[in-house]
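Asker: Pasting the relevant annotations from Swiss-Prot:
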type	residues	note
ACT_SITE	44	active site
ACT_SITE	46	active site
ACT_SITE	114	active site
ACT_SITE	116	active site
BINDING	12, 74, 108, 142, 148	3',3'-cUAMP binding site
BINDING	12, 74, 108, 142, 148	3',3'-cGAMP binding site
């Protein structure tokens with residue numbers, strides 16, 4: 001049972017992927033010749049980024065949560081241009097909605113499931129849709145780190 005003081009620390013939940021998905025993502029990074037590719041062990045999708053800690057139960061299991069994605073450029077908090085693979089995933093959207101129903105906060109107007117491929121692509125531009133079978137390996141949760149930076 002959590003102590004009341006632990007609920008003020010915030011919550012971060014992310015999805016990690018199967019080895020075959022990680023292989024496909026690394027191949028995509030290589031084929032695009034991405035500068036500053038996110039390392040294999042850091043590839044993930046954020047599900048919850050909440051300044052409020054809620055009693056979220058992480059899920060496990062291995063199943064496909066998306067079969068393709070489109071390349072999108074996001075501006076990061078540090079002002080860099082990140083390249084992400086944005087996905088339509090009913091599963092990830094439902095898990096995010098579950099957290100919101102529990103009272104989780106979210107700093108952005110919409111939840112857009114994605115996997116960051118590079119946190120800094122500079123002035124380069126990328127576009128297109130790519131077939132990448134995204135298979136969930138597990139979810140994990142930890143205390144929200146408001147000091148995290150994509151510069152790390």
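Just so it is clear, glycine is given a Cβ too, placed from its N, Cα and C backbone atoms.
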Asker: Going by DSSP, is residue 44 (active site) sitting in a helix, a strand, or coil?
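Answerer: Its secondary structure by DSSP: coil.
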Asker: On a simple 10 Å Cβ count over all chains shown, which one of the binding-site residues 12, 74 is most densely packed?
Answerer: 12
Asker: Return the member of 12, 74, 108, 116 nearest to residue 46 (active site) in space, with distance defined Cα to Cα and candidates limited to these recorded positions.
Answerer: 12
Asker: Near residue 116 (active site), which recorded positions out of 12, 44, 74, 108, 142 have their CA within 10 Å?
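Answerer: So far as Cα distances go, the recorded positions lying within 10 Å of residue 116 (active site) are 44, 74.
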Asker: Cα within 10 Å of residue 114 (active site): which of the recorded positions 12, 44, 108, 142 qualify?
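Answerer: Hits: 44.
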Asker: Pick out which of the active-site residues 44, 114 has the most other Cβ atoms within 10 Å of its own Cβ.
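Answerer: Its Cβ has the most other Cβ atoms within 10 Å: 114.
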Asker: Take the C-alpha atoms of residue 12 (3',3'-cUAMP binding site) and residue 44 (active site) and report the distance between them in angstrom, rounded.
Answerer: 12
Asker: Distance check, please: Cα of residue 74 (3',3'-cUAMP binding site) against Cα of residue 44 (active site), rounded to an integer number of angstrom.
Answerer: 16
Asker: In this structure, which of the binding-site residues 108, 142 has the fewest other Cβ atoms within 10 Å of its Cβ?
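Answerer: With the binding-site residues 108, 142, fewest surrounding Cβ atoms within 10 Å: 108.
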Asker: 10 Å Cβ neighbour count around residue 46 (active site)?
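Answerer: The answer is 17.
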Asker: For residue 108 (3',3'-cUAMP binding site) and residue 44 (active site), what Cα-Cα distance in Å is obtained after rounding to a whole number?
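Answerer: Given the Cα positions, residue 108 (3',3'-cUAMP binding site) is 18 Å from residue 44 (active site).
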Asker: Could you measure between residue 142 (3',3'-cUAMP binding site) and residue 44 (active site) for me? Cα positions, answer in whole angstrom.
Answerer: 14
